[in-house]
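Per TrEMBL, active site, proton acceptor is recorded for Glu312. Marked as Zn(2+) binding site by TrEMBL: His311, His315, Glu334. TrEMBL lists 22-204 with the feature domain 'Aminopeptidase N-like N-terminal'. Sequence annotations record features per position, and here TrEMBL assigns domain 'Peptidase M1 membrane alanine aminopeptidase' to 239-455. What TrEMBL lists as domain 'ERAP1-like C-terminal' is 537-855. As annotated by TrEMBL, site 'Transition state stabilizer' applies to Tyr396.
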Amino acid sequence: MEQKQSIQGFKGHARLPNFAIPKRYDLHLKLDLSSACAFSGVVEIHVSIVEETKFLLLNALELDVHEVLFTSSHGQLYRPCDVVLDGDDESLVLVFDQALGVGEGVLGIEFSAVLNAHLKGFYKCTYMDGGEKKNMAVTQFEPVDARRCFPCWDEPALKATFKIAVDVPPELTALSNMPIINEKLDANVKTVYFEESPIMSTYLVAVVVGVFDYIEDTTSDGVLVRAYCPVGKSDKGEFALNVAVKTLDLFSKYFSTPYPLPKLDMVAVPEFSGGAMENYGLITYRENELLYDPLHSTTARKQRMAIVVAHEVAHQWFGNLVTMEWWSDLWLNEGFATWVSYMATDILFPEWKIWAQFLQETSGGLVKDALEQSHPIQVEIGHARSILEVFDDISYKKGSAVIRMLQVYLGDDIFQKSLSSYMKRYSGKNAKTEDLWSVLSEESGVKVSEMMDGWTKKKGYPVISVKSKENILEFEQTQFLSSGLHGGGKWIVPITFSVGSYERRENFLLETKSRELNVSDLVDSLKNKEKYDEQPWIKVNIEHSGFYRVNYEDKLAARLRKAIKHKSLEATDKFGILDDAYALCEACEQSLSSLLSLMDAYRKEEEYIVVTKLIDVCYNVVNISSEAIPDSANELKMFFISLLLFPAEKLGWDSVPGESHFSALLRAEILQALVTFGHDKTQKEALDRFLTLLNDRNTPLLSADTRGAAYIAVMRNASSSNREGFESLLNVCREANTVQEKERILRCFTSSPDPDTVVEVLNFFLSEEVRDQDIVYGLAGISLECRETAWKWLKENWDLILTKYGAGMLLTRFVRDIVTPLCSNEKADEVEEFFASRAHPAISLTLDQSIAQVRIKARWVEHTRQEQSLEGQVRELAGKK
């Protein structure tokens, strides 16, 4: 009875007890890739018993445990009297009759399991070999799925070394974190032995078994870097390999710490739930994140690939060498890897002006953190399955934006010096947010934790209201919420602003709720120098580098509109003004009428990040206009088309030799927007070019960048009575032999306005023809007209979807991409009711946030219906040339 009560005492805890600490794992896995698709294994875990105990508690999930034996350092053998696998707690409890004494010992466990199909733990996927489908095996352990592969202490702070061996069919390649030291062939089994790893967390252990070609290069420090690609496609790994080699060198210097392993492998796997995973020394990627094909990859994909590779390589330091102590500090991994990946990309490709594009990360963080259902960057974690949900825009985007804000405030040199010190101090160890702040404070002399705790320990951020009266500027902060509610909270805000010219710039810390500042000197010097007759513009949050919004009083907003028309502002500031104005409008803090007036000032805009933000705002306004002002919806689209025609006509459909990176990026987005908004001329041209493509798949008339627009045009014209274009595109998809082309088509497939067609496409996504991982592309592109159709489909197919995809990362995409576009309280109620009996920790946060965004739009719709002169304004803007 006492024993059972003791086991009960371990139930329901998020963390493992600390009376035994793992030091080393000797892991031998034996793979069966036949139709059974299973594996067995033996793990010998060298542990330190730090407190006398009759229990050993570690993690295991969906494993069958066969034999368990504990051997003390004195050679004494202990067999457990009870072995309890708890599926809810994902634990393995070993109960011993005799207490294990303090000291060293080895815990041996024999186990077996099936290779699952849910892209987590140790899972199976397939590849084509001469027309025959064959099995391969891949691991994905982050955050808490090493326990699906072998019993272990599956927490980031419980670091150990790993010595791994794998039994595989002789024709297959086996890869792991470390280099191979030996191979033995015995009949039809090849045993591959790997070197012992340095100390690392369980979530970073990796094994990949399959068939690959590879290319290799070496860093200046002699680290061997390989890109493993599908057979016959190794040349497609060259771009990623080149970026990896350069970023390894770059980070070694930046962090003043060499890369700690002898090799770094990157491998493209055919099925993968995320984009990439930073396993120590063995980075896994979905194929289109590693394979660059100049003919079929878009300019945007090439740019993303550079950022993704830099992100994963950065993790070898931020995450792998120095690891967060617990998942509540996940942002230390992801926020920093995101920020530093942009820094590296900017150094490698300065012509891309990537820091300007970083504003898209900032914007994504601002959107998510304006929800009442947001969470702090440093977030409490309950159930293990809820960890996956904090791999989100707060950890990545807000995390990286807050780091960028701090870097700008402290200065590049101090920031770099601090990070080097941090790496040295915590190398091979675990760290918390406070540890980083402490190092930054030592190096800078600034009380960093005092300044930053508000940004990381509580959710949300401020909107700074700015007013001007006779050269006195008044700044006031309040929490910004998209719901229109006014939250509490006060932040220490690094304010930057310019008056009439970027040469007249000031900065200060806003540490109180409000502050007044006399800017007479700035205004006078401007008037003296430039013969200024009118009141100068005032732009707060220069380059949009601070993580906050700005709400200008009407007269200051009018001056900024004029500055935009006169092209007096930098692209980053034009982006920021529009981003803030849209957010304020959605929160019903400003009218749609004032937002449209601002958008009209961007009529001659050509800068990539500004036009893409304009397109983004156009899509979002169209999203609610069909509900709020249905009679003006078409005229609104005409206005948006007129805003985009100036840059569209300059760019045309065809690239020009020597044109900029941004021309190619913008051409793709602007043509897709014009087709979506129903611009007749663009649609006709798109359809004509598509017909040419059907006769010649390599036609120069449709480049990788412009194909998306043609495919959307086909689907916008597809219906149950006009299926020809859709069926042609379906054939192109089935015949496509590159992952890039398949991705592109899947992204466009659900853009049809016809409900029957969209349901047919959604069912196609669930078929065996589409890899599970690729569902994410199609869900994001569902047409405005079919958002309710998609929701009905999700309800009807929920049980099938849950069974097929499991409760993981892919499931959250179904919820987010299908629920969020809805925009009425009735639909929000319906969603809540449907999921009331289908709650799951893997989707709870995503569901709450998605429902909140539906209600925010519903409120915006109601607010917009009250605007009296809106329809007349839209008519006037639509007719403007």
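For all residues, glycine too, the Cβ spot is worked out from N, Cα and C.
Unlike curated entries, TrEMBL annotations are predicted automatically.
Ranked by CA distance from Tyr396 (site 'Transition state stabilizer'), the recorded positions His311, Glu312, His315, Glu334 have Glu334 at the top as the closest. Shown in sequence order, Phe391, Ser395, Tyr396, Gly399, Ser400 are the residues of the chain, 6+ apart in sequence, with a C-beta less than 8 angstroms from the C-beta of Glu334 (Zn(2+) binding site). Excluding the listed site residues His311, His315, Glu334, the same chain places Glu278, Glu312, Ala314, Phe318, Gly319, Asn333, Phe336, Ala337, Thr338, Ser341 with Cβ atoms within 8 Å of the centre of the Zn(2+) site Cβ atoms. Per-residue confidence over the domain 'Aminopeptidase N-like N-terminal' (22-204) averages 96 (mean pLDDT, predicted model).
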